[in-house]
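**Q** Quick paste from TrEMBL:
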type	residues	note
TRANSMEM	24-50	transmembrane segment
DOMAIN	42-293	domain 'G-protein coupled receptors family 1 profile'
TRANSMEM	62-88	transmembrane segment
TRANSMEM	100-121	transmembrane segment
TRANSMEM	142-164	transmembrane segment
TRANSMEM	197-222	transmembrane segment
TRANSMEM	243-264	transmembrane segment
TRANSMEM	276-295	transmembrane segment
Amino acid sequence: WEFNGSFYQPSAFLMMGIPGLEALHHWISIPFCALYLIALLGNCMILFIIKTTQSLHEPMYYFLSMLAVTDLGLVLCTLPTTLGIFWFDMRRIGFDACLTQMYFIHILSFIESSVLLAMAFDRFIAISRPLRHPSILTKTTVMKIGLVIILRGMVSLLPIPFLLKRLTYCRKTELSHSFCFHPDIMNLACADIKVNVFYGMIILLSTVGMDFIFIVLSYILIIKTVIGLATKEECLKALNTCVSHICAVLVFFVPMIGLSMIHRFGKNVPPLVNTLVAYTYLIIPPALNPIIYSIKSSHIREALLRALRRQTE
């Protein structure tokens with residue numbers, strides 16, 4: 001511990017695996033390894049296919065590339081500490097290293113939320129203004145949207161590590177997860193954390209919360225547009241282009257909202273439930289998104305089959 005008058009700051013935190021199942025960590029690591037492997041290979045495959053297939057160089061797939069890069073980042077942020085606990089019982093993480101991991105986990109989560117909003121906007125333009133879609137979402141416009149998304153996440157979360165560093169911490173240093181999460185670190189402090197709670201809530205509502213609201217509004221407008229189409233076949237064809245995105249939105253937002261509610265209001269929730277929701281939030285979306293888009297997108301599926309045929313010839 002570092003001591004400076006009444007100011008206490010731990011040199012390290014202790015991370016938690018799956019509470020009550022510590023003896024089974026080696027066996028539990030098997031499905032986690034499988035999910036991480038699927039996420040790494042699946043997202044790399046998506047990026048490779050989009051890069052090498054000229055017909056996929058359009059806004060929808062540029063945004064899908066951003067989603068894949070973000071998912072890879074989330075996987076690489078949590079993989080070392082999670083598998084370190086399961087394989088080697090390496091629970092200790094330095095204070096500054098923990099804040100760094102926390103910062104990047106939250107940035108990537110906010111970026112993923114914003115990318116899903118951009119994809120919803122792309123689907124709305126493609127369905128409601130199909131002839132103007134290429135002129136509205138040009139390659140330059142997509143790049144500008146991507147840059148704004150990254151800057152928004154970085155700037156909005158920049159004060160969080162400094163707000164945590166100013167706090168005085170208690171003797172308890174055990175985190176609730178195998179990764180560092182802002183509410184988890186904040187709750188270990190002995191000081192007044194009202195500023196942290198207020199700022200965290202404002203940022204969450206003004207970024208991820210607003211993203212979710214605008215995604216819902218986009219689909220309300222999409223449905224209104226689709227209802228006005230001439231035939232049932234056209235209606236189903238238009239909605240079919242949105243199925244993958246709707247699945248990705250649900251896979252990301254449902255566990256994220258659940259985890260946020262647990263950290264803020266679920267004081268009596270069993271630790272095991274808290275842990276499982278956290279893993280679902282950070283590991284399942286990166287693993288499922290490539291599968292969802294590979295199954296539902298005929299263009300991705302056909303490009304993948306062509307690539308596999310070339311490898312076997």
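Using the three backbone atoms N, Cα and C, a Cβ is placed for every residue, glycine included.
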**Q** Below 8 Å between Cβ atoms, which of the listed ranges 24-50, 100-121, 197-222, 243-264 makes the most pairs with the transmembrane segment (142-164)?
**A** 100-121
**Q** For the domain 'G-protein coupled receptors family 1 profile' (42-293), what is the mean per-residue pLDDT, to the nearest integer?
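**A** Within the domain 'G-protein coupled receptors family 1 profile' (42-293), the model's average pLDDT equals 90.
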**Q** Cβ pairs under 8 Å with the transmembrane segment (62-88): which stretch of 24-50, 100-121, 243-264 has the most?
**A** 24-50
**Q** Using Cβ atoms only, state whether the transmembrane segment (100-121) and the transmembrane segment (24-50) have three or more pairs under 8 Å that are 6 or more apart in sequence.
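**A** Answer no: the transmembrane segment (100-121) and the transmembrane segment (24-50) share fewer than 3 Cβ pairs below 8 Å.
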